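Residues or ranges marked as region 'Disordered' by Swiss-Prot: 1-21, 581-615, 671-704. According to Swiss-Prot, the feature compositional bias 'Acidic residues' maps to 7-21. Here Swiss-Prot flags 55-268 as domain 'UmuC', drawing on sequence analysis. Residues or ranges marked as 2'-deoxyribonucleoside 5'-triphosphate binding site in Swiss-Prot: 64, 96. Among the features that Swiss-Prot reports, region 'DNA-binding' is placed at 249-314, 325-439, with the record citing experimental evidence. Under the heading compositional bias 'Low complexity', Swiss-Prot lists 605-615. According to Swiss-Prot, the compositional bias 'Basic and acidic residues' annotation covers 672-702. Marked as motif 'Ubiquitin-binding 2 (UBM2)' by Swiss-Prot on the basis of similarity to another entry: 708-725.
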């Protein structure tokens, strides 16, 4: 891995039992004997299982340095180092011949090699772009490709090998040769099914490496084996720009060649420390150690997994990576000890992330801030906080609108103060900003009203349990309950993660009810069932709850069940709006329910409605309603909020409503002004049911289409009004804007 301060992600092992190696070998021997008189072709292609898989691990040579040499060919034959801060994070082989090593201090590298050419590699953009080009190229050979950082990929060639073997004739199978090296110079048995499969895999691996060089100018090593663990280990035996195939009989030889258990991919720093405390240092120690004692110390699943890894057993599948599930930018440094310095670094990281969001096209819905405090230990612990991104900010992300910088920096600094007591001395060595929960919104080309009436997004995209992987982050394999402490602040909106290496990249959302759970016969009068089905589930619940309360309270009740729901029901009926009196006090209660957040733990900054500017739209609607209550004549109504409820739902979801780009206050509150210096006053009269919002200019008069209620129109948020006007204009409706 080439990224500064980041270790390779562990592959991990599956917990499923593999078939016994000796029994499988005997079975193969029986198959070979029975088929010896039938020719080789008939015995090939047994049912694929763990032992018959063909996995390739591709590892690019000095990746960052190669990208720099491709960019500037004059550097090709010179000793080259890629510098990040005070370290040479990687160097080409010319520099390595002269004594320069990866992660060497710049000063030491210059002493070793005075003619060393250094290039700045702190901007990862070009490396990232080239990395994805490599992955896309490998996907042309097999669709099952798993990224491991920038410079490594796993490719599952099992199906491709199957197809090639089916195309070969019997005499051609006997002439199959290996491409590259065979580990330990083991002899090849062309009557062995597994040998033939791995040989074909080596030929495909050679084709992939040739394509990488011809199309991208990159060289790399490859390892061909029956699982990810062995493929990764064997790929580094012959370097650079070479490949090696591992036959099953040499598996134990490769495993025992490792000098220490921490060289086994999948065994991290903490687990290695625990094993060392038990007297386990070598692979053989781990193989022969008592399973019961190991399970007692590490837990059953971890103990079984790492003991299987020590025998070279790894059932973990190659996981199709697809688009990245998160974007992160990080910066490591010797010392950051002031809030101003931290803010400057966060702004730099955020600017880079915003560019990546523009290029990707998806919109992140969660932001995470990660810090690393100074520690004398070799492996530092990381802490993180994350929270949802307000919908009005999401609307601007990816549009190139840098007005989003200010609210995003505000959010990140609030997260920062929840981890760091800025009133006390602190010493940080790393800051990282991560955008996750990326969603490709189909509404990007649709109007806001279209979004309300379109079929709802799949449950997996809006709710349920999501797992987001940070591919460049090292995740320990120690039991999660021992390793990670996730505590939710009282608000439930900010998630805290503390790990030895990196945050656990998981976000939980409340599970939505299926639409079919709601009886359509209980809908309020005037509500179209088909339109109702397309509404977000929480709005459906609100409408139904209002209907239910109306039924039980009776006609003589003073309360009005659908006060805050009038904005929703206005989409169904004109008349219904005029029949419902309004009590702003109800809405105020609901608004406070959204904005108020319990204070944080002692020593950190509190999150409250006054400091959380990002929890509402650009104007503070709760504050506005408070002031309006002082000035307006308000009829008495129930003290209990009647319309907008967040009970029995995850605050992470409910605090920012499911409507995109609109806050709940914007949708359900009365639009309060058309001029920043002027407030309109609601009256108790019939006309006061909706505020008398004027067109943007006193010289403009809008003539609406015949089926549009002007009162309902002026109830909509300004962004929706503008979009409707634009849509009507494009559609050539019978409306016009007159100028006096």
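Each residue, glycine too, has its Cβ placed from N, Cα and C.
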Counting by DSSP secondary structure, give me helix, strand and coil numbers for the region 'DNA-binding' (325-439). 44 helix, 41 strand, 30 coil
Can you work out the mean pLDDT of the predicted model over the region 'DNA-binding' (325-439)? 91
For a quick check of packing: other C-beta atoms within 10 Å of the C-beta of residue 64 (2'-deoxyribonucleoside 5'-triphosphate binding site), how many? 28
